[in-house]
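Okay, so here's the structure we're looking at.
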Amino acid sequence: MVRVIGVWRRLLQLSHQQLNDMPRHDGRAANQLRPLKFKRGYASAAAGSVLVEWGGTIVLCTASVGTDVPPWLAGKGRGWVTAEYNMLPGSTSPRKARKPDGRSTEIQRIIGRSLRAGVDLTALGERTITVDCDVLRADGGTRTASITGGWVALRDAIASLTDETGAPAFAPTAIVGDGCPLRDTIAAVSVGLVNGEPALDLDYPEDSTAAVDMNVVATGAGELIEVQGGGEGTTFRRDQLSAMLDLAMEGLTKITATQLAA
């Protein structure tokens, strides 16, 4: 009986190790991003817009400029950046109802908070920029795509601003300095434990089965803005957390380069 139990233990250990060594279902390496593309100027009516295609996820991000500010900022010479997030009914299955829900409210707060971290609101002046993120197709990472694409739309909206003479209000390519409100790039990516191993940029099949799912938002300088994650009915170790963060920061460096090249 002891010998049989020992054999079964070895078989279970072998199966677990084989599972960990399996490639991801789409053939990507653990540190490999899905294809990421930005189509700027997608919505001509908005001051800034971009269609983000990130693997199977597609999000339209637009940035609109208003001359008013929230009441608590009136007369203080500061601007505001806010966001709205919505999944179109046909972006996922089953159909997503149009009515607002708690998840969408939480995500749009995260988007707005993340984008504000990269903006000098005093340099922006008394303006409000609203970034709308509409998910056209969802295959994991909709909030990270919204933040990443939202920054591109925000950059273009700020570049479109003019002063009283009609001249550009800010240096269009400046990120830091020259009085430009943009302090740095902002990007986001998901990471998790898939089959017991850290994996970057989870798609829906991975996101829905990962033992740990985490979203990381950071500046181009590598400073963290948001780290959100948790175990799905399980626990994880500190060294696994560090490995996931390292993987996320590696991915964010590549994402930022793609943003700037868009």
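Cβ coordinates come from backbone N, Cα and C, glycine included.
TrEMBL entries are annotated by machine, without manual review.
TrEMBL lists G141, T142, R143 as phosphate-binding residues, and of the candidates R103, R116, R127, R155 the one it assigns to that same site is R103.
Within 8 Å of the Cβ centroid of the phosphate site, not counting the listed residues R103, G141, T142, R143, the chain contributes Y85, I107, V135, A138, G140, T144, A145, S146. Largest CA to CA distance in the phosphate binding set (R103, G141, T142, R143): 14 Å, whole number. Within the domain 'Exoribonuclease phosphorolytic' (185-251), the DSSP-based counts of helix, strand and coil residues read 18 helix, 29 strand, 20 coil.
The Cβ neighbour count for G141 (phosphate binding site), using a 10 Å radius over every protein chain in view, is 28.
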